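Features as listed in Swiss-Prot:
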ACT_SITE  Cys152  active site
ACT_SITE  His288  active site
ACT_SITE  Asn308  active site
DISULFID  Cys149-Cys191  disulfide bond
DISULFID  Cys183-Cys224  disulfide bond
DISULFID  Cys282-Cys333  disulfide bond
CARBOHYD  Asn75  N-linked glycosylation site
CARBOHYD  Asn124  N-linked glycosylation site
MOTIF     358-361  motif 'Prevents secretion from ER'
SIGNAL    1-20  signal peptide
Amino acid sequence: MKKLLLIFLFSLVILQTACGFDYDDKEIESEEGLSTLYDRWRSHHSVPRSLNEREKRFNVFRHNVMHVHNTNKKNRSYKLKLNKFADLTINEFKNAYTGSNIKHHRMLQGPKRGSKQFMYDHENLSKLPSSVDWRKKGAVTEIKNQGKCGSCWAFSTVAAVEGINKIKTNKLVSLSEQELVDCDTKQNEGCNGGLMEIAFEFIKKNGGITTEDSYPYEGIDGKCDASKDNGVLVTIDGHEDVPENDENALLKAVANQPVSVAIDAGSSDFQFYSEGVFTGSCGTELNHGVAAVGYGSERGKKYWIVRNSWGAEWGEGGYIKIEREIDEPEGRCGIAMEASYPIKLSSSNPTPKDGDVKDEL
């Protein structure tokens, strides 16, 4: 019954999101129409803008409207929409929402430190399910929003830990990204980015991670509050890296649990993604941490189900379907380059110190 309710609520979020801000072609045929559209967009998204900024922002908005409009006229497997980022330049968008320069942090931290083992290596590709969706299995919490803090690495880490914890304990618990932002600072850099594998090892060495309720997200670099560690803890036993540049290996991992992945999200098509299988422009300059929570196919195109952390109004209720099995070994947007997942051996967690675990289902 709970799973049916979860699927219904997820479908409702997708429907509500799809019915968001829209426009008529006539509104973009004149300067006056575009100006009215911009004011309507600002009201819809409650975007605060000073009068002094309006002309500059309107110019950016006009450019983005035409990009969305012209892209949607083409016969592509995905669509764009005017979301909350519509009056940001691509550079402003990248600086604010894709600030985790994975390559930079990889150079600072050196080679990967995960186990050289890959526990799913033995899996037979031909026997894997044709599609997997961990949302429908109740292993994914509701979509979260990192805001203008470059903490995507923390959200990616937490999504993977929430998933394996549900799989092992049958309890879905929303965990604290802010604890990682504030406390995992020896090598990761809070709102200035980080690496998911480092965060997994922090959680292991720290004895676990606390809940979202105990240590709520603030979207800023704060001082580590050790007292908030006294709440419920979810533990892991380490992590493993998925063999890089190998989408088949990634498929084996995602078939078994949600996986942290890094991607290049710094394109206008990604900025305004709305629905469908994303085959748009993106490179391999990894700048954003997300989570692969499933895979499938649509009209003959294979895709990854990727959970983002930009709120439910972006994409398909906060998710994007990224094309799967392309010619390049790195995968679309570099999705196969930096994948890792947490290991959890036990089917239980430490006894709660303050009340019971809150099951999100």
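Placement of Cβ uses the backbone N, Cα and C atoms for every residue, glycine included.
Overlay of Swiss-Prot annotations on the structure.
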| residue | record | DSSP (3 states) |
| --- | --- | --- |
| Asn75 | N-linked glycosylation site | coil |
| Cys149 | disulfide bond | coil |
| Cys183 | disulfide bond | helix |
| Cys191 | disulfide bond | coil |
| Cys224 | disulfide bond | coil |
| Cys282 | disulfide bond | coil |
| His288 | active site | strand |
| Asn308 | active site | coil |
| Cys333 | disulfide bond | helix |
From Cys191, Cys224, Asn308, Cys333, the recorded positions whose CA lies within 10 Å of that of Cys152 (active site):
Cys191, Asn308
Once the chains shown are all counted, how many other Cβ atoms turn up within 10 Å of the Cβ of His288 (active site)?
30
For each of the disulfide-bonded residues (Cys191, Cys224, Cys282, Cys333), count the other CB atoms lying within 10 A of its CB, then report the residue with the highest count.
Cys333
On a simple 10 Å Cβ count over all chains shown, which one of the recorded positions Cys149, Cys152, Cys183 is most densely packed?
Cys152
Whole-number Å only: compute the distance from the Cα of His288 (active site) to the Cα of Asn308 (active site).
9
Which is it, of Asn75, Asn124, Asn308: the one of these recorded positions whose Cβ has the most other Cβ atoms within 10 Å?
Asn308
Cys149 (disulfide bond) versus recorded positions Asn75, Asn124, Cys224, Asn308, Cys333 - nearest by Cα:
Asn308
Which value does the mean pLDDT take for the motif 'Prevents secretion from ER' (358-361) in this predicted structure?
52
For Asn124 (N-linked glycosylation site), which of the recorded positions Asn75, Cys183, Cys191, Asn308, Cys333 has the nearest Cα in space?
Cys333
From Asn75, Cys183, Cys191, Cys224, Asn308, the recorded positions whose CA lies within 10 Å of that of Cys282 (disulfide bond):
none
Could you tell me the C-alpha distance between Cys191 (disulfide bond) and Cys183 (disulfide bond) in angstrom, no decimals?
12
Could you check which of the disulfide-bonded residues Cys183, Cys224, Cys333 is the closest Cα neighbour of Asn75 (N-linked glycosylation site)?
Cys333
Euclidean distance between Cα atoms of Asn308 (active site) and Cys333 (disulfide bond), Å:
14
